[in-house]
Structures are given as structure tokens and as C-alpha cells.
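Listed in Swiss-Prot:
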ACT_SITE  56  active site, charge relay system
ACT_SITE  131  active site, charge relay system
ACT_SITE  155  active site, acyl-ester intermediate
């Protein structure tokens, strides 16, 4: 597949041919489930003829049906463009197809999608990751030049790692959330999934920057990073030793080999442990579900989306939500409502926010003395469908990504090897807030070393 950097140099005729080639591939690979709607049903022609970018199904594109992979939003057509879409259109990039996801971005496998699951292009028996599994699968399978996803607790980095792509989660507030279907407003962040580090940086540049329409967008000066990538710059990298040691044997072997290559290239590598990580999962799921409970209260069958049959207003609310939401979404709404209820708010939510502050301080302390943090993206490579049928087991698999969202830091997943089933292993690099340049420099160095 042509890279994003190459495609941006194409003539209008070459871009037209690329779009036709992608459309033919998408139809041929329909069983992969990377996309959720036939391209013919989308108003692609009205959105410009730029380089095609796949869009996760929770990002508003004017004239498109946007459902967050949920039955409750059946029939909803976006009346406006998200800010990231407007930015794409101004940079000779254009939306090209809706990618599958876990319902309302709640999951790590795409199995909770109303449209059905997406398959991992590397091995169809294994999950592609989530919640941006469709975006990652599309890029990995050559069905997209690059894609946009959203990351609340690893939803860009984990599927990118499982499918063998590069996934970048920007600093919280760096990319506008205006037009994103909200899951957890203090954690959500839109970012790119791409074939390589340079393409990820190019797409990041296209969507980043302050947006007055988004109250969570930070008014921090933005400077392009893709034209200043330096993979030869020597960096101080701190490895989270206990995270690497606790990964599966094949994941650990690939990560340790990557660490040795970083050392041999002249990077300064030190080791430390995260001592209090036992609170990460609990803090994340308390905060995320509490915010989800509030955000998803707007879906009631009255204003937009699917409306259930009912005899009165109460039945309309109950039936629309009961029939429209999937089991995982219902579970998280219930949990979030519980932790916000009288008598439990102080016991759970306030404590979770204190744990969040502690997690952020722990990251900041390490990054005071280092340029980057190195750790796994996931404890193992992509697991088989149904392997994590227990919700708690599934939540625990997010252990290496969720704390980065709690801290609001930028992070990237970079492929570093394969296991004996040809499944991808990725390393995760984390940088100081607003320092995506150092993050990309380190990722490019690692990518170069792995590719040789």
C-alpha cells in the first residue's frame, strides 16, 4: 500500500485511481469487517477529492450515518463535521469510509459492535484490538492509507499493536474533541493509526491544534513535527522493568531485543518499576464509567437515533435504552451511575481522582530525568475471540495503556517483532505532555532499528 507521505504528492488523477483501488479492495475484503457501511452509501464525493483517510464510526462527518457502532444511533445522520474532519479537508485529505469499533468505544476487541466483529488481518481467529479495531485492521490489511481513531484507555495503541500498525495518542487537549461521540470526556483523544511513524506524524500534524469549539482543547502553541523528525537523536529512555517482566514470554523477548537495539544505537537506557499500578485499572474504570453514565444519558430515543415503541414517555426512555444499548455499554452505565450515587461518590469517585493524581505524578517524576518511557502496549499479542469472556479479565488486559490516559500524556505504539503465530508485538513509548516531537523522534529511531 502506498504511504500517506507518498500519496500527498499524487496528482488529482492518481488520487482518483487510489480511491478506486481502495474501494475495490474493501469490497473484496468485506468479510474482514473493517468498515461498517458500503462506500456507495456515503456522501464521499461531496467531501472533496483529497487523499482518502478512514474514519472511526464515532467521529462526525456531515451527511454520513454515524452510529458509534450502536443500535441506539441507527438512522442518525451527522449534521456537521467534527473539527478534525474540517482540518483534514483543508490539508488535501478526505474522509473515506466508516470503520468498525466497539460500541461507544467501550471494549478492546470490536466484539461489542452492533455490526459484528472485525477480524485481525494477521490471523482471523484473533481479535484486532479495540475500540478502534476497524481503523487498525483497515490500515494493516491495505484497505486504508491511514485512519483516525480515538483513545480513551488504549483504543488507538492496542489495536495498532495487535494489527502491526503505528498508533499515536496525542497529549490530552492537543487534538479537538468537537464532533467526537463522547465516552469519557476527561480521557478521550482522537489520533492517527498509520503504516509507519512518519505517516502517523503527518496525520497528527493535520488534525492537531487549538479549537475554541472544544472546551477541553488546550490553547498551547502547536508546531509541526513531521518535518523535523530526527531518528538519530540520542535520548534518555526509562524502561518500566516490572511491566516488561510481567508480559508473556514471546512479548518479553521481543521487547528486550528492542531495548538492546536502543542501547546499541547510543540511547541511554535505565530501569525502574511502577510500584502502585494495582490502583490503575480500578481508578480508570471508576472515572471512565462515571463520565460515560453522564455522556450517554442523552441517548433516550427522543432527540435522535432509534426510537422504540412505547405507550408513554417513561416507556419510551426505558425501551429505547434497553433495546438500543448492548450488554457491555449497559454494564458500564450501571457501574458509572453506581459510583456517582449518594453514599458512594466519596468512597469511589473521589478516591479514584486522588489515585489519578498520584499516577500522573509518578509519570512526571520519571520524565523529569528522562526523555521517554518504554513499556509494553499489552501483556501479550492479540488473543483469540472469546478468550476474555469475563469482563474483569478483559479490563485487566488494559493495564499498560490506561494509566497514560489518566496522566494525559502522549504515547505511541511501534511494532518491534512477531510471535510464533505471526502476531505482532509492539513497544509503547511515552513522553512529557506536549512533547510529541521527542516521542516521534524516539519512535522513528526504534522503527529504523527494528527494520534494520
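Cβ coordinates come from backbone N, Cα and C, glycine included.
Structural mapping of features recorded in Swiss-Prot.
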residue : record                               : DSSP (3 states)
56      : active site, charge relay system     : strand
131     : active site, charge relay system     : coil
155     : active site, acyl-ester intermediate : coil
Active-site residues compared (56, 131, 155) - the one with the fewest other Cβ atoms within 10 Å: 56
Which whole-number value in Å describes the distance between the Cα atoms of residue 131 (active site, charge relay system) and residue 155 (active site, acyl-ester intermediate)? 5
Students should find that the Cα atoms of residue 155 (active site, acyl-ester intermediate) and residue 56 (active site, charge relay system) sit apart, in Å rounded to an integer, by 11
